[in-house]
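Asker: Before we start, here is the structure in question, set down as structure tokens.
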Amino acid sequence: MPVFHTRTIESILEPVAQQISHLVIMHEEGEVDGKAIPDLTAPVAAVQAAVSNLVRVGKETVQTTEDQILKRDMPPAFIKVENACTKLVQAAQMLQSDPYSVPARDYLIDGSRGILSGTSDLLLTFDEAEVRKIIRVCKGILEYLTVAEVVETMEDLVTYTKNLGPGMTKMAKMIDERQQELTHQEHRVMLVNSMNTVKELLPVLISAMKIFVTTKNSKNQGIEEALKNRNFTVEKMSAEINEIIRVLQLTSWDEDAWASKDTEAMKRALASIDSKLNQAKGWLRDPNASPGDAGEQAIRQILDEAGKVGELCAGKERREILGTCKMLGQMTDQVADLRARGQGASPVAMQKAQQVSQGLDVLTAKVENAARKLEAMTNSKQSIAKKIDAAQNWLADPNGGPEGEEQIRGALAEARKIAELCDDPKERDDILRSLGEIAALTSKLGDLRRQGKGDSPEARALAKQVATALQNLQTKTNRAVANSRPAKAAVHLEGKIEQAQRWIDNPTVDDRGVGQAAIRGLVAEGHRLANVMMGPYRQDLLAKCDRVDQLTAQLADLAARGEGESPQARALASQLQDSLKDLKAQMQEAMTQEVSDVFSDTTTPIKLLAVAATAPPDAPNREEVFDERAANFENHSGRLGATAEKAAAVGTANKSTVEGIQASVKTARELTPQVISAARILLRNPGNQAAYEHFETMKNQWIDNVEKMTGLVDEAIDTKSLLDASEEAIKKDLDKCKVAMANIQPQMLVAGATSIARRANRILLVAKREVENSEDPKFREAVKAASDELSKTISPMVMDAKAVAGNISDPGLQKSFLDSGYRILGAVAKVREAFQPQEPDFPPPPPDLEQLRLTDELAPPKPPLPEGEVPPPRPPPPEEKDEEFPEQKAGEVINQPMMMAARQLHDEARKWSSKGNDIIAAAKRMALLMAEMSRLVRGGSGTKRALIQCAKDIAKASDEVTRLAKEVAKQCTDKRIRTNLLQVCERIPTISTQLKILSTVKATMLGRTNISDEESEQATEMLVHNAQNLMQSVKETVREAEAASIKIRTDAGFTLRWVRKTPWYQ
């Protein structure tokens, strides 16, 4: 099957596919319409010349290369494409003498398919060799990174740095060239991100090595921390380079990304549970412990972390973990309630507490088992990939030693482990059957090589057979691992809501559990937010979560019984929709408040840690102060990460912002202990310049990452909501200051004033970012003026707070401080108003009465009513032709996933009128064409021309959507929205080109009996996946274009009308 993950492959395959499509149409005209096929000598000669040139270049490459795999895989591709070319030439010759020849038509269609398939194989084989060149450079850097462990002198460090630099530069250049060549946008981003991380870590590595060498040679304290810093940086760089190697080998969508994320999430959850378990059990053992204190919070956090693991599991494992979490949560509520009523020492309370304690042990064991199973399957999967890679090199070398057989045996052993962990017996048996076949073939090949017959035709054929069988085995084990995981919901809130809505609308349709998984994900985030809330707010949010859970279970039960379309199900669906809306609103309100509190000040704890680390050696309680500030910094960093994750989960962010937040949270978690280690080295080596520079490097890296995280969190939540929450928080801080002054508590006053100043500065930061993001001069001017006014009010308030703290009973000072506080509040309100421009009054106010002029003249007489027939009423506006989506007819064979993707795009576009909006018109047209393609792709004879033409029409509409979206982006004043729109719409041309190529491939197979079911199904699968990607990209483009149109330039000549067919409030 053709793959086109690079621009070069795509640019070569597209014209070939275009030529082949003409031949396919001629074939169908001859076969179905009985037309004579015209003389094909000239077009076939053109194809033959292009293919011959490609083969010649390929053969020259094989002659000069040292890549054994390339030498092995190129010749079969040459043979395939040359045989296909021969068939085409024979067909042209036969048709010259007989334009109606049936054998000639068969040669024509088989040759066409062979040309496309063979050319693709040839290009892919060559591309794989290019990738191996880059991987060799990457592996060279990986090997050299391990040398860092033996560098113990400054001379060695200088040499190491000099040697590492050129290799890093070469790798960076190759990766940059490769990412520009890739057609998959996600793969490009992954490569760029990993390479950027490696570049950022290089100075950190040199700094860590330098401090290690310094402390080791001077025999100072802190050598253990220096060693940790160095090893962490080496491991982090190695992990990123390994990720680069993995992504370089991807040719289609990324199937492995979830595995490492899930394993990592489970390990982190397990570590968090272990760290909280003693504190939780201590609270349960103590009948006098207060409800709501750190011990109870530890239990809530354990249940939260275990719930995250449960969501990553499937089937019975998932039900058991989540069920245990819910039960323990309810029992903890009961224990807390009894203690709040003073009955903590009662037999009932003591028994409940003991049951919770035992339940926590059971839950921890379940979580450990789940983590162990996923890690075992993931490790086996990764091990199989490495061993098969090594085995392929052995299979390509006729004189290879016995180590290759060992690699194959190792891969088979790992595959057996996956088979044993499979829940599906059919999958397990399929893998085990493949193991037996590969073992027998490998044994036979090994015997031939030991007899010195490794270069014989039989041995070479066997080697090729084993290579193919190993690739098939890898596909089967990958699928088994993927199927063992639950259905994956979208990573962002709007995506989850959309998936949930689709299931609610059609609960009987099999969506592989995605809709229910999305609802579970939303409910899980609701529980997470509730865990940090207090009293009635917490109970209210939990009640909303339980309501959604109950309604989902009831609707799923009705759907399972075949009653998903019944009136009862419709009523339930309506209730569930309303409950989801309520839950979403309350979650976003809670999350915005938490962001306002936690992100009001991100850097003070690390600055205080820096002060403690540089304290003079004779400072009192130097170590104790440092330990306290290190713990505060660690807790603060953890809170930032947890809150950022909530903002990502329930904010208004798109997928790329969510992934950006997740990446920055991961980096913060990794960096925090390294910053503390660097600070401890500085504490134990006062005055050491190398230690100071190293700490500054680590500190700045942490601060840069948190600033990036803060910016992404601000993108993820509504700016006005954040400003509202900050304004309310400042009011509460002012109220606390009033209480402090009334009770003569200067420290409480200072804390309140400090909080006000931090929140005001946070608002300034948000406003500054929005000004930088906008190109609307009026908006920029208004926000900047309001920000400047706010900026001027902060310092006077701080000065007044210091004055009143020094003499808290002075009424005059108290009044000055409160006046300053109210001035800040007023300035904050003006910033908020700048983000919410006043809407014009509707209806407009009446005219000024003073402008009225009365005269003595009489009004003219009223004209008579028209006589005769009453004119007919105005006819209703004509219905838009593209409104109705075609329903599947009884007995009609269609491709269901393709039809569903088309329907989803049509549903999105139908929200808007296509009058005056060419993007909507083109999107609806594409959806209807894709619905037609879902029928053609399953058709028999007589549909080749229609399939090819349909793909061309879809590509034409795609070009129209892309062109219009770029016009909208050009006029949009919001840089973020513009970038999002361009990123989405720029995917469309590549995908639509691929659709044309894949449709041509599929057309060559329609009605043919000499094609295997597996090959035909593979072609359909690729076409379906491409269609789904295209429909999704256009759907996202429609949404982003609508968002961009709100921020369009007022003087823009280009406009699109966005008129909702169904208003949002209905």
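Glycine too: its Cβ is placed from the backbone N, Cα and C atoms.
Heads up, here are the entries from Swiss-Prot:
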MOD_RES   Ser260  phosphoserine
MOD_RES   Ser272  phosphoserine
MOD_RES   Ser275  phosphoserine
MOD_RES   Ser290  phosphoserine
MOD_RES   Ser346  phosphoserine
MOD_RES   Ser434  phosphoserine
MOD_RES   Tyr537  phosphotyrosine
MOD_RES   Ser574  phosphoserine
MOD_RES   Ser579  phosphoserine
MOD_RES   Ser600  phosphoserine
MOD_RES   Ser721  phosphoserine
MOD_RES   Ser795  phosphoserine
MOD_RES   Ser809  phosphoserine
MOD_RES   Tyr822  phosphotyrosine
MOD_RES   Tyr1065  phosphotyrosine
REGION    741-764  region 'Interaction with ACTN4'
REGION    857-887  region 'Disordered'
REGION    935-978  region 'Facilitates phospholipid membrane insertion'
REGION    1052-1066  region 'Facilitates phospholipid membrane insertion'
REPEAT    259-369  repeat '1'
REPEAT    370-479  repeat '2'
REPEAT    480-589  repeat '3'
Asker: On the DSSP side of things, how many residues of the repeat '2' (370-479) fall into helix, strand and coil, could you say?
Answerer: 95 helix, 0 strand, 15 coil
Asker: Over the span of the repeat '3' (480-589), count residues by DSSP class, listing helix, strand and coil in order.
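Answerer: Its residues fall into 83 helix, 0 strand, 27 coil.
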Asker: Please state whether DSSP places Ser600 (phosphoserine) in a helix, a strand or coil.
Answerer: coil
Asker: Under a three-state reading of DSSP, tell me whether Ser272 (phosphoserine) is helix, strand or coil.
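Answerer: Where Ser272 (phosphoserine) sits, the three-state DSSP reduction gives helix.
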Asker: Looking only at Cβ atoms, how many others are within 10 Å of the one on Ser434 (phosphoserine)?
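Answerer: There are 20 of them.
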Asker: Could you state the CA-to-CA distance between Ser809 (phosphoserine) and Ser434 (phosphoserine) to the nearest Å?
Answerer: 86
Asker: Of the modified residues Ser272, Ser275, Ser290, Tyr537, Ser600, which one sits closest to Ser579 (phosphoserine) when you measure Cα to Cα?
Answerer: Tyr537
Asker: For the repeat '2' (370-479), report the average pLDDT of the model, please.
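Answerer: Here the predicted model's pLDDT, averaged over the repeat '2' (370-479), is 86.
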Asker: Rank aside, I only need the closest one: which of the modified residues Ser346, Ser434, Ser574, Ser600, Tyr822 has its C-alpha nearest to that of Ser272 (phosphoserine)?
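Answerer: For Ser272 (phosphoserine), the spatially nearest of the modified residues is Ser600.
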Asker: Kindly assign Ser290 (phosphoserine) to one of the three DSSP-derived states: helix, strand or coil.
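Answerer: Ser290 (phosphoserine) sits in coil per DSSP, no helix or strand.
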Asker: Between Ser434 (phosphoserine) and Ser275 (phosphoserine), how many Å separate their Cα atoms?
Answerer: 44
Asker: If H, G and I count as helix, E and B as strand, and all else as coil, what does DSSP give for Ser721 (phosphoserine)?
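Answerer: In three-state terms, Ser721 (phosphoserine) counts as helix.
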Asker: Check Ser346 (phosphoserine) against DSSP and tell me helix, strand or coil, would you?
Answerer: coil
Asker: Just how many other Cβ atoms lie inside 10 Å of the Cβ on Ser600 (phosphoserine)?
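Answerer: Taking all protein chains shown, Ser600 (phosphoserine) has 21 Cβ neighbours within 10 Å.
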Asker: Within 10 Å of each Cβ, count the other Cβ atoms, then let me know which of the modified residues Ser346, Ser579, Ser809 comes out lowest.
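Answerer: Result for the modified residues Ser346, Ser579, Ser809: minimum number of other Cβ atoms within 10 Å at Ser809.
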Asker: Looking at the modified residues Ser275, Ser290, Ser346, Ser795, whose Cα is closest in space to that of Tyr537 (phosphotyrosine)?
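Answerer: Checked the modified residues Ser275, Ser290, Ser346, Ser795; minimum Cα distance to Tyr537 (phosphotyrosine) goes to Ser290.
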Asker: Looking only at the region 'Interaction with ACTN4' (741-764), what are its DSSP counts of helix, strand and coil residues?
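Answerer: Its residues fall into 21 helix, 0 strand, 3 coil.
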Asker: Which chain-mates of Ser574 (phosphoserine) that are at least 6 residues away have a CB under 8 A from its CB, listed by sequence?
Answerer: none
